[in-house]
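Colleague: For 19-26, 82-86, 137-140, the entry in Swiss-Prot reads GTP binding site. The Mg(2+) binding site annotation in Swiss-Prot covers 26. As annotated by Swiss-Prot, domain 'tr-type G' applies to 10-204. Among the features that Swiss-Prot reports, region 'G1' is placed at 19-26, with the record citing similarity to another entry. Taken from Swiss-Prot, the feature region 'G3' applies to 82-85. Per Swiss-Prot, region 'G4' is recorded for 137-140.
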């Protein structure tokens, strides 16, 4: 029999499991693949052991263990991330190694909300995970429906505290579904996936977002003008489009694209992922520098001061050997450039140890084009000592 060709006919969506240790995240991940393999064409089951011994990956020098599985429902194709350890989650969410369009929060009905349940909800809010669906696991072990109701209320309250309102809750048992994918507990997994299909909207594709390109290099073509090169981060660019040049300098400059080139060929349009050179009308070589961005007018703003969720690398990951204190002044590497800034630790936090994850306020000496969720590295003398994501923009 000929091999079936992979047809990307369905919308794609990135999701993941979050929640307290031993509440059943990995079992649920395995159960989803097992139930879908039994009920929806085009799926294969991934067993618990393969997800649990997740391979280590290095993302920006940080060691993270993450398991990636894929599966599809009738409606969508999914990439699903699951992390074995709590520290892996924290790193994963802060480095943006796994961008999630939505998350399944696993809460054991036997335990209710625990420390990491809260921490993962907070992290989801900080890094901009837009949707959370709750899977109340181990319901087969709780006989009293009133107890389950109490746990549901507790989870809802916790989610609302961080601005996640009206999150759907599905009751089930991942282990039971894994044992019998076609049974009634398997139905609960299908109910979960139907909810994921309907509650998380189709993600906007990168090409549909407003154009943005970080400038990597600038040079002059004699007789033609100034060219900025870089990789298009999102959106599409057409000849004669108006653009703004922002960041690093205080003022915003306007220009028009009079030429687009890729691999020495002229293009009419460039889109997300392309490495291009853009010829900019009326801009001198010294008016634009690496680290600025080209963006569709009015879509991006520059800021000096913001709060961020930061993970500080351990000594083993090549980070600092010693803690840092308030008013620490490292470099912040955004997209293509380093900017010096000052860290203000939260009230009551005296210092930040290697391996910590902390929310801090940062003030940069130059403005940077930013929005919530933008990732950056913290560097000292060229080596990465931390990783962060913008949580809120202040000024």
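Glycine too: its Cβ is placed from the backbone N, Cα and C atoms.
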Colleague: Might you list, by sequence position, any residue in that chain lying six or more from residue 22 (GTP binding site) with a Cβ less than 8 Å away from its Cβ?
Modeller: 108
Colleague: Could you give the residue numbers and ranges of same-chain residues that sit at least 6 residues beyond the region 'G1' (19-26) on either side and whose C-beta is under 8 angstroms from one of its C-beta atoms?
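Modeller: Non-local partners: 48, 51-52, 67, 82, 84-86, 105-108, 111, 114-117, 120, 137-138, 174-175.
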Colleague: I'd like to know which of the binding-site residues 25, 26 has the most other Cβ atoms within 10 Å of its Cβ.
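Modeller: The residue with the densest Cβ neighbourhood is 25.
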Colleague: When DSSP is mapped onto helix/strand/coil, what comes out for the residue listed as 'Mg(2+) binding site'?
Modeller: helix
Colleague: What kind of secondary structure is residue 139 (GTP binding site) part of, going by DSSP in three states?
Modeller: helix
Colleague: Below 8 Å Cβ to Cβ and six or more residues apart, same chain only. Which residues does that give for residue 83 (GTP binding site)?
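Modeller: When sequence neighbours closer than 6 are ignored, residue 83 (GTP binding site) has 16, 54, 64, 65, 66, 67, 89, 92 within Cβ distance under 8 Å.
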Colleague: Which residue counts does DSSP give the region 'G3' (82-85) for helix, strand and coil?
Modeller: 0 helix, 1 strand, 3 coil
Colleague: Cα distance, residue 139 (GTP binding site) to residue 26 (Mg(2+) binding site), nearest Å?
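Modeller: Cα to Cα, residue 26 (Mg(2+) binding site) and residue 139 (GTP binding site) are separated by 16 Å.
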Colleague: What residues, ordered by sequence, lie under 8 A Cβ-to-Cβ from residue 19 (GTP binding site) and sit at least six positions away in the same chain?
Modeller: 25, 105, 106, 107, 116, 117, 120
Colleague: Helix, strand or coil at residue 86 (GTP binding site), per DSSP?
Modeller: helix
Colleague: Which of the listed binding-site residues (86, 139) has the least company, meaning the fewest other Cβ atoms within 10 Å of its Cβ?
Modeller: 86
Colleague: Compute the average pLDDT of the predicted model within the region 'G1' (19-26).
Modeller: 92
Colleague: Using DSSP and collapsing to three states, where does residue 19 (GTP binding site) fall: helix, strand or coil?
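Modeller: DSSP call for residue 19 (GTP binding site): strand.
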